[in-house]
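First comes the structure, then the notes that go with it.
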Amino acid sequence: MVLKVFFPSCCSSADSGILIGRWISEQNSAVILAVVHFPFIPVQVKQYLGEVQRVTKVSVSVLGSWSNSKQEKEESLSEFLEDLGTIFCHEPWIQISKEGDSKFWSCSTLQKHSKSPQEEEIILVYYDQRKVMLSHLHPPLDTAGQRAEDASKLSAIFDTVARSQILFMTDRYDEGPIKLTHWQSDGVEASIIVELMKQASVPACVLLTFLLSLLSGICRSRMLKFWPLSFLWSKLSTCEQLGHRLQHLQVISSNKKAQNQNQLMRKANIFVSLLIDVALGILLMSWLYRKNRIGHLADTLIPVADHVAEELQDLLQWLMGAPAGLKMNRALDQVLGRFFLYHIHLWISYIHLLSPFIEMILWYVGLSACLGLTVALCILSDIIALLTFHIYCFYVYGARLYCLKIYGLSSLWRLFRGKKWNVLRQRVDSCSYDLDQLFIGTLLFTILLFLLPTTALYYLVFTLLRLLVVIVQGLIHLLVDLIDSLPLYSLILRLCRSYRLAAGVKFRVLEQQDGKPLRLLMQINPLSYGGVVQTYRLPTYSCYPKDSWASLCKKLFLGELIYPWKHKGEKQN
């Protein structure tokens with residue numbers, strides 16, 4: 001049989017002593033957890049292991065002996081270590097010792113109590129105890145006692161190390177009778193700053209939870225459910241982003257402990273995302289309020305709006321003539337052109353009416369950047385939507401008129417073929433028409449057909465303008481989604497401590513010689529960066545539509561409206 005011994009590399013410099021760990025008989029494997037070095041009393045070691053076993057529910061026992069030949073070279077020591085096998089009574093008794101000048105160790109077994117001892121092939125696997133402990137490849141600890149253990153998997157090794165955490169809380173500075181060597185024997189890994197933050201976070205979370213519950217109660221009040229407040233709350237992307245961030249704050253300030261690794265990573269990703277978002281927002285706010293940039297922006301906004309209005313007037317004058325040499329219906333062309341020119345005139349008057357207050361509005365809007373860069377970007381998107389509201393109105397008018405003619409032509413075309421649309425059964429059925437109906441249908445079809453090019457041209461021009469605005473808003477919302485959903489903490493963790501985000505393990509052969517144990521090194525295989533983003537990506541509540549190209553083209557052809565927001569209640573995940 002093959003005996004697999006998992007030995008922690010942190011114990012390579014330990015003093016001579018005995019090996020404690022777990023024996024997995026189903027795998028014929030031994031997981032070494034620590035080294036108890038001399039001097040010690042066997043009775044105290046047994047009592048200590050009994051307490052550890054009662055707390056961790058792991059059958060921890062003495063598995064063998066460890067001899068550091070650089071420190072002890074007497075033959076009496078090796079004989080004493082062999083005699084310890086009669087005291088602790090473990091079969092087989094594993095002996096690991098240093099091989100002179102070699103950087104590896106020799107490993108052998110003794111079977112004193114076996115009647116027919118068999119020579120076993122030994123595989124010595126070195127593993128980094130710290131990385132195995134923090135890799136979270138083991139099953140959740142709270143379900144460890146409820147599940148049926150599958151000892152044929154490598155997860156039993158990780159489970160043994162993870163559940164023996166109390167064993168690693170004893171370092172060399174403790175004044176107990178037993179001295180251990182393990183991955184935290186030089187001192188338990190901790191940070192004074194982290195411990196102080198943990199103590200201070202309890203009252204801070206209680207206060208934040210109270211404030212958030214008060215704010216969420218105000219948001220759920222009946223006052224916001226009345227029109228037009230409910231309409232504005234559902235349509236403005238700023239309100240959607242504020243609600244999204246409010247949910248994030250509730251998750252962070254919750255006093256419930258994370259049940260598993262995914263929940264812990266989600267909280268950490270949300271916290272880092274909020275922190276970076278607010279930091280970028282404060283940087284943007286400090287840049288805006290330096291050198292009177294708010295005033296310069298307000299002075300630039302009115303001329304830009306006038307220039308856009310002038311360009312639209314020139315475009316309408318071009319459409320009212322002979323655009324690209326096309327023959328248009330002059331009466332309808334003049335009516336549509338004057339109708340849109342009147343709207344532009346109203347828009348210019350509205351902008352100049354607001355011009356004295358624009359600097360003050362921008363000054364207060366700039367303060368919202370302290371809530372985060374995403375909130376500032378959503379406000380920018382809403383400002384663009386308000387400044388281009390006349391273009392949206394032009395698009396709606398043209399789309400409705402074009403849609404009316406398209407559906408009218410399709411209905412009259414069915415009349416020519418002796419068909420009609422059955423509303424109840426949602427299908428096209430045969431129908432017989434009399435002469436008067438066919439005559440009126442022919443007249444209407446001819447009128448709509450000859451007026452269609454003029455309407456389609458106006459619809460095409462304003463749809464292109466509308467798509468330009470939608471693309472700009474889409475780029476802004478893509479940036480907001482990127483900040484909201486990107487798992488920044490996981491990416492930083494993957495860059496600095498890749499073993500914390502493990503996807504599996506790999507083994508590297510260190511030495512393979514005849515007559516000697518096969519020596520392997522177990523390494524943690526980290527997740528790829530794409531896997532980190534896909535696994536720990538945060539859900540987004542973007543208010544921007546995500547239609548396919550086929551759906552978008554169908555809407556454009558049929559004249560259906562393209563909204564700059566999602567309908568209320570839809571969530572993009």
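Each Cβ is built from the backbone N, Cα and C atoms, and glycine gets one as well.
Per TrEMBL, the features are as follows:
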TRANSMEM  200-219  transmembrane segment
TRANSMEM  270-289  transmembrane segment
TRANSMEM  335-354  transmembrane segment
TRANSMEM  361-388  transmembrane segment
TRANSMEM  394-416  transmembrane segment
TRANSMEM  437-461  transmembrane segment
TRANSMEM  467-492  transmembrane segment
If one takes Cβ-Cβ under 8 Å and requires six or more residues beyond its ends, the residues near the transmembrane segment (335-354) are 302, 305-306, 309, 312-313, 316-317, 319-320, 361, 389-390, 393-394, 397, 454-455, 458
Check the transmembrane segment (361-388) against each of 270-289, 394-416, 437-461, 467-492 and return whichever range has the most CB pairs under 8 Å. 270-289
What stretch, picked from 270-289, 394-416, 467-492, has the most CB pairs under 8 A with the transmembrane segment (437-461)? 394-416
What same-chain residues lie close to the transmembrane segment (270-289): Cβ under 8 Å, and 6 or more beyond its ends? 245, 248-249, 251-252, 297, 366-367, 369-376, 483-484, 486, 488-489, 492, 538
